[in-house]
Amino acid sequence: MSNLLDLLVAGLATGAIYALVAVGFTLLWQTSQTINFAQGEFVMLPAFLMLALMHAGAPFWLAIILGILLSLLLLGLGFKLLLVDPMLRHGVLPLAIATMALAIGMKEAVKQFFSAEASPFPSIVPAGDISILGRVVSLQSLGVLALAIAVVIGLTALLNRTSIGHQMQATAQNPTVARIIGVPVERMILLTFLINAFLVALASLLITPIYLAKFSSGEVLGQAAFIAAIVGGFNQVRGAIAGGLLIGVVDNLAAAYVSTQYRAAVPLVLLIVIILFRPQGLLGRPEERTV
Amino acid sequence: MTVKGKYLRIALGIVVIGALIIVPMNFNRYGLYILSQWAVMTIAAMGLNLTLGYAGQVSLAQGAFVGIGAYAAAIMTTQGMPLIAALSVAVVLCFAIGWILGYPALRVQHHYLAFVTLAFSTLAFLVFRNEDWLTKGIYGISNIPRPNVMGFATNRPLPFYYFCLGSLGIVSLAMWWLIRSPWGRAFIALRENPVRALSLGIDTRRYTLMAFAIGSALGGVAGTLYAPLTQYIDPVPFNLSLSLDLLMMVIVGGSGFFFGPFLGAMIAVLLPEWLRFTQGYYLMLYAVAVMLLLIYSPTGILGILDRYLAARRTKAASALRAVTKSKLETAS
Amino acid sequence: MKSGIFAALLLVAMSASGAFAQGAPIKLADVAELSGGGATVGNNWKNGIDLAIEEINAKGGLLGRKLEVTHADSQSNPGVARAQVQKALDNEPYVLLGPGYSGSVKVTSPLAAEAGITQIMGGEAAELTQGGNKFLFRTSFGQQSSMPKVAKYVNDELKAKSVAIVWVNNDFGKGGRDVMTKEFAKYNIKVAADISTEAGQADFAADVSKIKAAAPDAVFIYLNEEESARILKELKRQAIAVPLVGETTLVGQKVVELAGDAANGARGHVGLTTDAPVDLVKAFREKFVKKYNYVPDHNGLKGYLAIYMVKATTEKMGKVDAKKFADTLHGLTIKAASEPGILMDVTFDEKGDIDRQGFLVEIVEGKQVVKQVLPKLN
Amino acid sequence: MSAVLEVSDIKKSFGGIKAVDGVSFDVQEGEILGLIGPNGCGKSTLFNCILGQLMPTDGEVKVDGKVVTGLRPSELNRLGVSRTFQLLQVFPKLSVRENLILAGQEHQGNMMSRLLGPSDAGLTATADQMIGFFKLDHLATEAAGGLSYGQQKLLDAAMAFMGGPRLVLLDEPAGGVNLTMLGDLKERLTAINREKRATFVVIEHNMEFVMSLCTRVMVMAEGKLLAMGTPAEVRANPAVIEAYLGH
């Protein structure tokens with residue numbers, strides 16, 4: 001029983017990481033039908049931008065700020081203008097393929113211009129463990145979980161309480177109608193890309209001390225976040241959070257009670273079952289729009 | 001014009017086929033290996049092109065079927081059975097599994113279908129890796145023999161290349177037949193407008209499952225060639241990235257065009273090789289090239305050609321109209 | 001008169017070819033995992049090779065000729081490795097270097113053997129040198145020679161009766177695990193938990209809680225450096241106090257750097273390590289860090305050594321002769337005193353396996369401390 | 001004369017809203033039955049229930065005396081029930097001839113023969129006849145997407161006849177078609193009705209078109225059958241006038 005609790009806590013800690021990456025995924029899908037296969041790499045890159053800035057002599061706090069700004073520029077604005085915009089109206093697939101190519105390109109660039117080695121990354125959350133109900137949990141994991149929750153609350157507030165949020169929701173639900181009633185659809189879509197870029201930069205900052213800065217670290221993250229997003233509900237922010245936490249826990253329980261060799265299979269089977277019997281995901285709403 | 005176009009196309013076809021047979025004769029072993037790889041990947045991509053390009057069903061599991069075929073070939077031929085037996089097993093097995101994998105397509109479409117097949121692809125990889133008793137797990141299976149085809153040994157690179165090319169030829173002919181047959185028309189109807197297809201008596205369920213099953217079986221065919229090509233297989237090449245690569249080949253070549261997979265496989269197999277002179281930058285450049293191509297033409301290489309031909313046709317048509325009009329004007 | 005002209009022509013021809021031999025670089029071909037899952041392995045290997053070649057060329061080359069290497073990327077995929085080795089062999093290199101993944105070695109070694117080209121590789125799987133291939137050489141201990149030393153240590157020194165084995169599920173990890181399981185069986189040591197993990201895995205909570213449940217006397221950890229660091233952290237978090245034993249990848253400097261405090265107490269057998277208490281190795285490490293700005297893992301050493309194997313063998317033959325290379329290297333002992341680049345005395349046997357000094361080390365306060373030197377066998 | 005189609009007490013509701021509320025009628029062989037009613041009165045839902053696109057909540061559909069409720073559209077089609085859609089539904093990338101062959105191919109042979117047999121399923125002659133019949137002669141090899149709207153509408157209708165159906169349900173065949181084409185269409189439909197003894201049910205808003213084409217007209221309002229009779233009778237029915245002109 002105590003073992004089970006340990007696993008749950010550890011699973012939630014990892015799940016929070018997946019959740020954080022998955023949120024951006026769902027945002028991009030909602031407003032622009034972009035399936036971003038490079039989402040994992042999007043989380044990998046900001047840490048390297050910050051490391052590069054620190055190598056250039058910038059102090060940590062400045063590197064963080066500049067790193068986030070660069071992420072907004074490259075992963076938000078640049079990604080949207082250069083890759084998404086020209087391809088969006090040609091359907092989901094070519095763009096999905098292009099993001100796969102982007103993922104390869106980003107990995108290779110980091111490897112070539114930085115290093116194939118894993119580098120340690122300073123943590124903004126103090127390293128160390130804390131005891132909760134007798135379970136030892138690392139402060140870093142708690143930091144990730146706290147941020148994930150803050151992101152959901154923040155985003156939900158933004159979407160439901162502010163007029164920009166309402167406009168974004170209108171854009172997501174039906175861009176044609178939104179345009180007719182005067183929503184600046186283009187600007188709203190751009191905004192989601194910027195929010196995604198900001199989120200991945202934050203995620204990078206929190207996750208990299210745990211995962212280490214490595215060119216390939218996005219592969220595992222991207223796929224886990226992908227599964228989390230679908231399981232939770234591809235079109236709901238809180239769905240992504242729930243999916244992330246669930247996948248983290250299920251993964252740990254599977255490793256402990258099913259088989260370590262097949263631990264990766266359990267979330268996938270869950271994914272298949274959910275798609276077949278509840279395709280909108282656990283917390284998602286049925287899609288009204290066909291793509 | 002169409003008659004002239006037809007002769008032109010036949011002539012071009014003969015030149016290309018002739019070149020594929022004659023030019024590699026003085027290639028070194030590496031060149032032949034790469035070309036053989038191209039032929040094998042083209043077959044797998046053709047299967048996916050049927051499922052995705054013609055019938056419109058997204059599949060991210062084609063790499064898993066190549067794996068199933070490769071393992072069937074590796075396991076059986078290292079036990080002394082002939083490759084043709086392995087081929088039959090692979091085709092039947094992939095057809096059956098593809099058929100089953102098609103069932104989700106009856107419930108969900110588009111990206112959801114992509115996710116289900118993606119999950120299947122990773123599950124297949126785990127089975128290849130973990131079931132040591134069958135697949136020898138991560139150690140892989142080595143010393144896979146190359147077959148004797150009608151009494152000819154294909155151990156040397158050139159005969160084996162011809163074996164791959166010949167297989168590609170047979171598959172292409174079969175595919176051409178299939179696409180032209182009422183089945184091919186039904187697949188296209190399924191992709192373009194399933195509701196209308198249904199109202200015309202087309203059993204969309206059966207055709208959907210068939211598209212999956214046949215496409216997957218072709219993946220199996222490619223796999224049975226892949227195993228004797230590399231003569232060693234382990235689970236790693238058959239992970240999700242192969243499925244994604246094959247998808248990339250289909251989209252980049254031109255999804256739903258007969259020759260799309262040929263060109264797509266060429267880009268995916270040969271372009272990185274051509275770029276290797278840039279050393280550490282070659283995969284980066286490859287990625288950039290793919291992105292630029294897709295930005296320029298999201299419908300792939302043949303999409304460019306298609307647009308060009310369509311533009312010319314419109315121009316010709318408007319020219320014709322202009323001529324008719326001026327004639328009318330002179331007449332009046 | 002006629003013969004005079006002929007002799008003159010012959011002289012010209014000979015001197016020309018001599019000059020050609022003097023000037024033409026010696027071509028080496030490297031095929032390694034420069035991208036994909038093994039990119040860290042391959043890039044270390046490549047950097048080691050480049051460093052060694054730069055040194056040799058700076059000192060006037062090998063027998064007066066420059067060394068030249070082409071690097072090709074196998075993408076960590078055996079099929080691509082085969083193509084690249086084929087390409088390399090088509091250009092008739094003097095020696096083929098790499099690959100590092102055992103699967104890729106398996107698919108390429110028959111090609112090199114068929115071409116009669118010596119292959120110096122980084123793979124550690126036991127079976128690679130068991131097939132009677134006369135052209136294949138290791139740069140490090142195969143698992144069949146390193147694992148028994150660890151098992152002996154677990155039995156003799158730790159007196160463990162039951163162990164948990166944690167391994168990474170790729171050919172490196174599985175190979176080590178399989179040899180180790182057999183060795184433990186010889187000592188009647190019970191395997192209390194047999195835990196496979198994934199490459200790139202970040203969360204080891206479930207794995208460690210399994211170890212905890214099994215309550216073994218010792219834990220044998222056979223993962224890559226980054227995963228080693230993560231599991232060490234988790235072991236510390238879950239307060240597992242039994243001895244942690246491993247190989248180079250558990251006790252390397254990289255792991256200490258990544259795992260911090262959690263690495264303290266980890267111990268293991270180290271065949272090749274940049275932390276070895278050998279002056280030449282320390283000097284190598286300094287040179288490497290200076291050039292590449294990071295501390296190499298054992299793959300960096302392997303690549304470096306591969307080149308010095310080429311140098312020592314060629315100098316032994318006194319000429320550049322690809323056909324005789326493998327024969328010369330079999331049974332050859334290279335002494336660090338006469339060839340400093342080899343770093344430690346080493347002997348190659350008839351199978352292509354190596355014999356060299358090894359170390360048993362423990363991490364004490366973030367530093368590798370050598371507990372025991374395992375001498376070279378002969 | 002026997003009933004080709006018998007519809008009895010069809011009901012269909014969407015989450016409490018009764019779109020079709022107990023409609024019954026028969027269609028006799030050779031008849032052209034018009035179905036009219038204001039927008040949202042349940043005409044299209046009724047069509048979809050008859051054709052297997054929607055599963056009716058209650059009620060029964062019989063074709064030639066055989067119960068077909070719940071059969072899939074493709075199965076129904078192969079029993080000789082054909083349809084067109086309100087919106088254009090041709091396959092734009094296929095040629096006119098290919099569209100027609102596609103529309104008829106599933107009525108020829110079996111799956112095996114459609115795979116191994118001739119690529120046109122032996123339908124080129126039939127298709128060309130149909131092309132001639134609908135006056136699309138010079139367009140046989142053109143891509144359907146390149147045709148004018150009216151021509152596509154003709155093709156759409158022609159496709160419904162390729163399988164040699166006993167019963168054809170046409171959903172707003174005249175919608176968006178210009179006057180000249182409309183005359184053509186009416187004439188063609190009448191001709192095919194006469195020559196092939198095909199039975200029609202036609203949903204249409206164009207009163208002129210319905211009244212001149214149909215032998216009998218049925219009026220729906222708010223999910224229910226409001227009136228049924230010859231064009232003249234329906235035109236004179238006060239309830240119909242009420243429903244159309246509103247309160």
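Including glycine, each Cβ sits where the backbone N, Cα and C put it.
According to TrEMBL, the feature transmembrane segment maps to B:7-27 (among others). Remote same-chain residues near the transmembrane segment (B:7-27) are listed as 35, 158, 161-162, 165 (criterion: CB distance under 8 Å, separation of at least six residues from the stretch ends).
Marked as transmembrane segment by TrEMBL: B:33-52 (among others).
If one looks beyond the transmembrane segment (B:59-77) by at least 6 residues along the same chain, the residues whose Cβ comes under 8 Å of a Cβ in the stretch are 44-45, 47-48, 51-52, 83, 85-87, 89-90, 93-94, 97-98, 101, 113-115, 117-118, 120-121, 124-125, 128, 134-135, 141, 144-145, 147, 212, 215-217, 219-228, 233, 235, 237-247. Taken from TrEMBL, the feature transmembrane segment applies to B:59-77 (among others).
Positions annotated as transmembrane segment by TrEMBL: B:83-103 (among others). Long-range contacts of the transmembrane segment (B:83-103) within the same chain, counting only residues at least 6 positions beyond its ends with a Cβ under 8 Å from a Cβ of the stretch, are 57, 59, 61, 65, 68-69, 72-73, 75-77, 116-117, 120, 147, 208-217, 219-221, 223-224, 228.
Per TrEMBL, transmembrane segment is recorded for B:110-128 (among others).
Long-range contacts of the transmembrane segment (B:160-179) within its own chain (CB-CB distance under 8 A, at least 6 residues past either end) are made by residues 20-21, 24, 32, 35-36, 39-40, 42-43, 46, 50, 54, 146-147, 149, 154, 187, 214, 218, 221, 225, 228-229, 258. Annotation comment: TrEMBL describes B:160-179 (among others) as transmembrane segment.
For B:207-226 (among others), the entry in TrEMBL reads transmembrane segment.
Sequence-remote contacts of a segment are chain residues at least 6 beyond its ends whose Cβ falls under 8 Å from one of its Cβ atoms, and for the transmembrane segment (B:246-271) they are 34, 37-38, 41-42, 44-46, 48-49, 52-54, 59-60, 62-63, 66, 175-176, 179, 188, 191, 219, 286, 289-290, 293-294, 299-303, 305-306. Residues or ranges marked as transmembrane segment in TrEMBL: B:246-271 (among others).
Annotated transmembrane segment per TrEMBL: B:283-305 (among others), in sequence order.
Long-range Cβ contacts of the transmembrane segment (B:33-52) within its own chain (Cβ-Cβ under 8 Å, at least 6 residues beyond either end) map to 20, 24, 27, 58-59, 62-63, 65-66, 157, 160-161, 164-165, 167-168, 171-172, 175, 178-179, 187, 211-212, 214-219, 221-223, 225-226, 229, 246-247, 249-250, 253, 255-257, 260-262, 264-266, 268-270, 273.
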